[in-house]
Structures are given as C-alpha cells and as structure tokens.
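Undergrad: One structure, pasted below without further comment.
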Amino acid sequence: MLKKLFGMGKIQEKVTEEVIYSPADGTVMDLSDVPDPVFSQKMMGEGIAVEPSSGEIVSPAEGEVIQIFHTKHAVGIRTRSGIELLIHVGLETVNMNGEGFTAHIKEGDKVKVGDPLITCDLELIKEKASSTVIPIVIMNGEAVGSMVSAGEKAARKGESKLFTIKAK
C-alpha cells in the first residue's frame, strides 16, 4: 500500500535516446558558423544553432528547467536522459540585463517539446546585441554517447528535428 502511495515500485523506463527539436522558427546553422568563438570553437560543448525569424522560444526537449538566467536570455534544461542543454538567445545579450526578454518558466518547471520558454524582441536584440542567433549547446558532453544531426535547414519551433542524442 505504501509503495503505491509514494510511487515506489513503479518501474521507470530509462530514456537513452532523445530527439532535440528547434527552439525557434528560422534557419539552422552549424555551431562552427556562430560569430562568437565561445560557441563556434565549442568551448561550452557540442551543439547546433538557429538564426530565428521570430521571438518565440520554446522547449526543444522534454525535461526540467534547471536554470533561467536572471537576464532571461538563456535557459538550461535537463532532458529525461540526463543531457543538459543550454538555449542561449542571441550573442552578448547578457548585457541587455533582461530588456526585451520575457520568461514563461522558472527553475524546477517540467517542460515538454514546444512549451514556451522565452519571448524576446528580435529588433531590440539586433539593435543592442551582436547577433540574434540561438546556440543550443550540450553542457555535459561526457554523458553523450553519440549525436547525429538531422540535416534540417529550415526550422519550425517544436517541430523540426535538430539532432538525435544517445546517452551513455
């Protein structure tokens, strides 16, 4: 009886493979083409990027929000397989101190693919930051067994596959 009350005894299925979807409408680009060496030289990790055509940013995977920067320009998500993704909206947007960004989530929230994360003003980002590009980076690469790009060029938020990850 206690096992049923507290959810014990449930067998949790271990997720080892996940598809990461685009967090925004726009154009998919290789991380090495991002005009910032921190991302292009993969100092933060492997990933991909999207040049957005709209300011609606959604969750690219099912998981838990583990970080939302106080400036609302970046979100960290831990997927069901334990992969930690950073969705970084724009380059040098930290200097905007949250201006032009609205967060729709908080740390600890559970998210599904397509759930709204952030809304941003792309025109303001173009004016005040160096780029609107959105890098999606795997922060704990040691947990990744393999990563296969989907080869998409046009991105639709929450629908277009960016890559498939197999966790170790």
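Cβ coordinates come from backbone N, Cα and C, glycine included.
Annotation comment: Swiss-Prot describes 36-140 as domain 'PTS EIIA type-1'. According to Swiss-Prot, the feature active site, tele-phosphohistidine intermediate maps to His88, an assignment based on sequence analysis.
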Undergrad: Relative to the Cβ position of the residue listed as 'active site, tele-phosphohistidine intermediate', how many further Cβ atoms are located within 10 Å?
TA: 24
Undergrad: Return one of helix, strand or coil for the residue listed as 'active site, tele-phosphohistidine intermediate', based on DSSP.
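TA: In three-state terms, the residue listed as 'active site, tele-phosphohistidine intermediate' counts as strand.
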Undergrad: Please give the average pLDDT for the domain 'PTS EIIA type-1' (36-140) in this predicted model.
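TA: For the domain 'PTS EIIA type-1' (36-140), the model's average pLDDT rounds to 98.
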